């Protein structure tokens, strides 16, 4: 049986790509019975007598899976956040970072629209860039209007399956179009009434991009910490993860406990205060979600 990758899911059809071309397939009924849904990015076994009448028979084991956007087997998450319109939100960025770290995906941070900033505002954004780079993240400052930073990002897509995600209205589609004008992905102007972008991308699709594949996904602005245990959260903050073995108490939440290596590092300025505050905010959310489950 042939194998391939689902590159698009739309209206009950799954479009499977392999070396022989693109095949339009439906899922077998037993997927529904087993509560399994094929996802874009899935490696699958399928059968097809022609290019428009195939069936997905088996889904290979996934290395990871995102719920929003619904996609599997992602290598990298390109997280696009605007410096302005909408205003840069490190709180939302950290929420995304936790989400992708928890799924074993390598994040890259892109801060767009830097052409809209004053010199003082740009210095603030550069400080954030330094903060995140010190944690080991790659950070790019870009402007599609002034064509800044695009060449460096273009290389990051090669030989990877990447998802491009971020807050609605930050210019994800514009960024992809600027890097590869042949894509011509639909874009909308930001809604002046709401101060938020319209959701121009209505389905998930993997698009050939250099020697890799990229998914331009529906914009979204919130992520829930579903199924996460409270003691897990600190593992997704790199500056905390390395210090966990030095905490006195196993299962330390790094809030009230004595002899906490994380709080000691915070007091010494080795952990940025805004990152710790975000951790505490997320921890309360995780605890609330946990109580709802049990």
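Note that Cβ sites are derived from N, Cα and C of the backbone, with glycine treated the same way.
The GTP binding site annotation in Swiss-Prot covers 112, 113, 114, 115, 166, 167, 168, 169, 170, 171, 172, 173, 174. Remark: residue 114 (GTP binding site) has 83, 122, 125, 141, 142, 143, 148 as non-local neighbours, by Cβ distance under 8 Å and separation of at least 6 in sequence.
Per Swiss-Prot, the feature Zn(2+) binding site maps to 247, 252, 254, 260. Sequence-distant neighbours of residue 247 (Zn(2+) binding site) (same chain, 6+ residues apart, CB-CB distance under 8 A): 254, 257, 259, 260, 261, 262.
The feature domain 'CP-type G' is assigned by Swiss-Prot to 63-223, with sequence analysis given as support.
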Quiz item: Counting other CB atoms within 10 A of each CB, which of the binding-site residues 112, 168 comes out lowest?
Solution: 168
Practice problem: Would you measure the largest Cα separation among 112, 113, 114, 115, 166, 167, 168, 169, 170, 171, 172, 173, 174 for the GTP site and round it to whole Å? | Solution: 19
Practice problem: Take the C-alpha atoms of residue 166 (GTP binding site) and residue 252 (Zn(2+) binding site) and report the distance between them in angstrom, rounded. | Solution: 31
Quiz item: Between residue 170 (GTP binding site) and residue 252 (Zn(2+) binding site), what is the CA-CA distance rounded to a whole number of Å?
Solution: 36
Quiz item: If you measure residue 252 (Zn(2+) binding site) to residue 174 (GTP binding site) at Cα, how many Å is it?
Solution: 43
